[in-house]
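A.B. asks: For 12-30, 42-62, 68-90, 126-146, 152-175, 293-312, 332-354, 366-396, 416-433, 445-464, 476-502, 609-632, the entry in TrEMBL reads transmembrane segment. What TrEMBL records for 189-268, 507-585 is domain 'Wax synthase'.
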Amino acid sequence: MVTTMAIPSELWSLARVTVVVSIAMSYARFASSRVTPGALRLAALLPVISLLPLLPFSFSSITLRGTAGFLLAWLSLFKLLLLSFGLGPLHPSLPLLPFLLTSSLPVKLRSFTNTKQQHTSSSSTVLFLLSVAAKLLLYAFLASLYRFRDRMSPYLLLGILCFHIYVSLELLLALSAAAARGALGVELEPQANKPYLATSLGDFWGRRWNLMVSAALRPAVYHPVRARLGRAAGVVAAFLVSGLMHEAMFYYITLAAPPTGEVTAFFALHGLCTAAEGWWARRRSAAPAPPRWVAAPVTVGFVVGTGLWLFVPPLFRGGTDERMLEECMAMVAFLRTLATVSVTVAMAMSYARFAASRIPAGIPRLAALLPVISLLPLLPFSFSSILLRGISAFFLSWLSLFKLLLLSFGVGPLHPSLPLLPFLLLSSLPINLRNRNPKPPHNSLTLLSSAIKALLLALLIPLYRFKPQMHSYLLLSLYCAHFYLAIDLVFAFSAVVVGRALRVDLEPQFNKPYLATSLGDFWGRRWNLTVSAVLRPAVYDPVRRSLGPTTAALAAFLVSGVMHEAMFCYATLRPPTGEPAAFFVLHGMVTVAEGAVKRSRWWRLRGWAPLPPLLATPITVGFVIATALGLFFKPLVSSGVDARLLECSTVLRFLEGTAAALLRRALKQKKIIGKSLELGE
């Protein structure tokens, strides 16, 4: 296998490219706000325009390199060229975040002046989620067919690859639009419009297929050429430029030199045919158009047929198709497991909602929900990835389980009167509704904070390469920062997705825990508030009514420690050590003592004021970190799980496989043979 050094390198490349693009686009916005459109603005933007085509080479993965080439070396570059002359979707008056997203993603704001009023409806959000889920399943199904490629005819294999390219592009555009819509909370122009229903080539290329490219080519190529040479010349020129840019994209993917020209020939042919089609339609404007059931198959058949002839074959040369298939199979393995768990959870929670709506709260409802409660702790074992197993255990075996226990007795955030989609999301993700008013929050600051934290997390990953030279306490401190950033990002991502899907305001998951002035402040009002919201009605309130607040606080910390012990068992697949539980028991005792001292008569008689935040915050956070270094992270280090935490996600495992495939192919081409070859050497 490839060494763990190759795993963070691709993530580091992604972080580096993201930072460079953000800085470059920020400069482009600043320069365009100071320089009037024309040659001077073009000259000011030339450094950024020259930089963008180089950035995709930062990646070794075909998928990331090709995607970066399409986003940066084509769309972003054309948007900046249009911005140079005051055209296109970008404008220096746009706020920074919309400018960055619009310039670097294949999206376009429909209107910026009324963004606060332009929100997608709840039904359209549901349809969008269902559409993405269906495309993901279709992607996985198509990739699974490649295992039979040795028994397929070449034309069938080419057809499957064509369809696969279409589904992949649809997913890329849809997910980019979802990210921008979630970040900005505005309606975006569509990226595609059912191209399989096109009734002509002009309809296919101009109004249905990859509309972001059409929106860039129209003002950049078609309109200037049409103004000088006529409509037909404008059409052919736009297709020719598109062919040249696709040729460049294929070079990014295959790294084969020189370009073959087949992709350019494909678009040149379609440009000529589209121009001829338009000329004929204008001459025969009075003649009836062919029916859709005839025109659509002929149009799509021509596109697919010429695509099989000219567009797809370059991908089959030099082993590019094999590397693409290896990446696809790695992604499909992840999607298959994730889909199985997701469907199982959805069915289980749907049953829980149905049962809770038919059975009154109490022991009978608990008995009805026991099958689901018993199932949830088993599902995390479906994942081989440490992080996915740990995250799913936290979501399902802890939060979801406790929410169902509370639902059994008619308390907690779940209620059978909730609509199905909100019930499913609230029951399976670490979120709580603040209110159910259909008012989507404007969370640009939250998104900016999350972006900074994601960048910090990405910057921490490469530091692990110096692990052998690090002092143990420095390494454990790195784990502390890594742990906080990772869990905060998971929670923030869940909140953004669900908040936009349901159009509701969600309770925060963290409240700047690094500013806590006491342990009670840290655990009760700042750290992991979703867990606090579950433990309070499930443990603290019942015990407090019976045994008082001190015992209730200790019980809540003890249960939290036991559940953390279970999470560590999921991660390490080893018996519990008791150290995480001891960490929470210690914090429970100190928190109780802290509160008792502050409420004591002795403290009040002396009139002592609390410590100023300048002193209280370092003491509190220092105590949390010091005790975590001694107790909380020890099981991870002793079990060797810390080394495997460099996975960071299944996406990185997918990149690891890609790097291994590239290296194997390079070694094969150089005919380097050995009995035992370590790829990391």
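Yeah, the Cβs are placed from backbone N, Cα and C, and that goes for glycine too.
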A.B. asks: Given a Cβ distance threshold of under 8 angstroms, which distant residues of the chain, six or more beyond its ends, lie next to the transmembrane segment (42-62)?
C.D. replies: 10, 13-14, 16-17, 20-21, 24-25, 27-28, 31-32, 34-35, 68-69, 72-73, 76-77, 80-81, 83-85, 248, 252-253, 320, 323-324, 327, 655, 658-659, 662
A.B. asks: In the same chain, which residue numbers or ranges, 6 or more beyond the ends of the transmembrane segment (609-632), come under 8 angstroms Cβ to Cβ?
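C.D. replies: Distant contacts of the transmembrane segment (609-632): 473, 476-477, 480, 513-519, 521-522, 564, 579-580, 582-583, 586-587, 590, 598.
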A.B. asks: Mean pLDDT, the domain 'Wax synthase' (507-585)?
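C.D. replies: Mean per-residue confidence for the domain 'Wax synthase' (507-585): 86 out of 100.
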A.B. asks: Please list, for the domain 'Wax synthase' (507-585), how many residues fall into helix, strand and coil according to DSSP.
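C.D. replies: Summed by class, the stretch gives 60 helix, 0 strand, 19 coil.
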A.B. asks: With a cut-off of 8 Å between Cβ atoms, can you find at least three pairs linking the transmembrane segment (416-433) to the transmembrane segment (12-30)? Only pairs 6 or more residues apart in sequence count.
C.D. replies: no
A.B. asks: Run through the domain 'Wax synthase' (189-268) and tell me, per DSSP, how many residues are helix, strand and coil.
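C.D. replies: Once the DSSP states are binned, the domain 'Wax synthase' (189-268) shows 61 helix, 0 strand, 19 coil.
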A.B. asks: Would you mind listing the long-range same-chain contacts of the transmembrane segment (12-30), meaning Cβ under 8 Å and 6+ residues beyond its ends?
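C.D. replies: Distant contacts of the transmembrane segment (12-30): 45, 47-48, 51-52, 55, 58-60, 64, 68, 72, 76, 80, 83, 92, 94, 96, 99-100, 103-104, 455, 458-459, 461-462.
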